[in-house]
Amino acid sequence: MLCRLASAGRSSAKLIAPLGCLVSRQKHTLPDLPYDYGALEPHINAEIMQLHHSKHHATYVNNLNVAEEKYKEALAKGDVTAQVSLQPALKFNGGGHINHTIFWTNLSPNGGGEPKGEFMEAIKRDFGSFANFKEKLTAVSVGVQGSGWGWLGYNKEQGRLQIAACANQDPLQGTTGLIPLLGIDVWEHAYYLQYKNVRPDYLKAIWNVINWENVSSRYAACKK
C-alpha cells in the first residue's frame, strides 16, 4: 500500500488517484518499528520515539482512513465538491503516513558514519563530498520555517541526487517528483522533549543514527 501511495505524481491532486482506489481497499495500519523505542538513545530518547510513533504517526493513519472513507462516499454520490474539499486531508494525512513510514526505516541503532559503494560515489558526484552533502542537508532542514521535512531525493529524469525541503507533511514525490531516499523530520514533536527549541542540536545528533544501508537500498531500487 505504501509503495502505491508513494508513487503518486507531482501534484497533491494526483495523490488522490491512488487514495481513491477504494472499492476493495484495506485500511492503512501503523507499521511496527524495526527497533525498540529506546534503541536510538542517547541521540533520540525513548519518550520521543514512543510518542512520535504510537501517537503522531497513528493519528495520521487513523485520519487517513477516515478521509478515504468519506472520499469513497463522495465518489459514490458523484459529489465533486466533497471530493475536492477532502483533498487537503488526504494530502496531509497521506503524506504523514508516507513520510513517517520512510523515516523509521531511515534510522537505526547501528547507523551513523558514512555510506559506502555506489551511493557514496553518487554523493561525491552530485555534492563534491560527503561533508558537503551533510552540511547542505542540515542547512536546508534547519531552515524549514515552522514544521516540515528535509529530504534527499533522486531526480530520475536527470539521474542525480537532489536536496529539498517540504512544508508540513507534504510528501516529497507527490509534490516535487523526487523519489525519497532520506527524510529528516523537523516537526517539533520529533525533538522538542529532548532538544527543546534548538533544532540544530537535534540535526547534529540524528546523523549518528542514519541507516545508510536503508538509504543506499532505496537509491539502488529507484535506479532500476
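Residue numbers in this text run from 1 along the chain shown.
Glycine residues also receive a Cβ, built from the backbone N, Cα and C atoms like all the rest.
The Mn(2+) binding site annotation in TrEMBL covers H52, H100, D185, H189.
Annotated domain 'Manganese/iron superoxide dismutase N-terminal' per TrEMBL: 27-108, in sequence order. Across the range of the domain 'Manganese/iron superoxide dismutase N-terminal' (27-108), the DSSP-based residue counts are 58 helix, 1 strand, 23 coil.
Here TrEMBL flags 115-218 as domain 'Manganese/iron superoxide dismutase C-terminal'.
For the binding-site residues listed here (H52, H100, H189), the lowest count of other CB atoms within 10 A around the CB belongs to H189. Same-chain residues that are not part of H52, H100, D185, H189 yet have a Cβ within 8 Å of the Cβ center of the Mn(2+) site turn out to be H53, H56, H57, F103, W187, A190.
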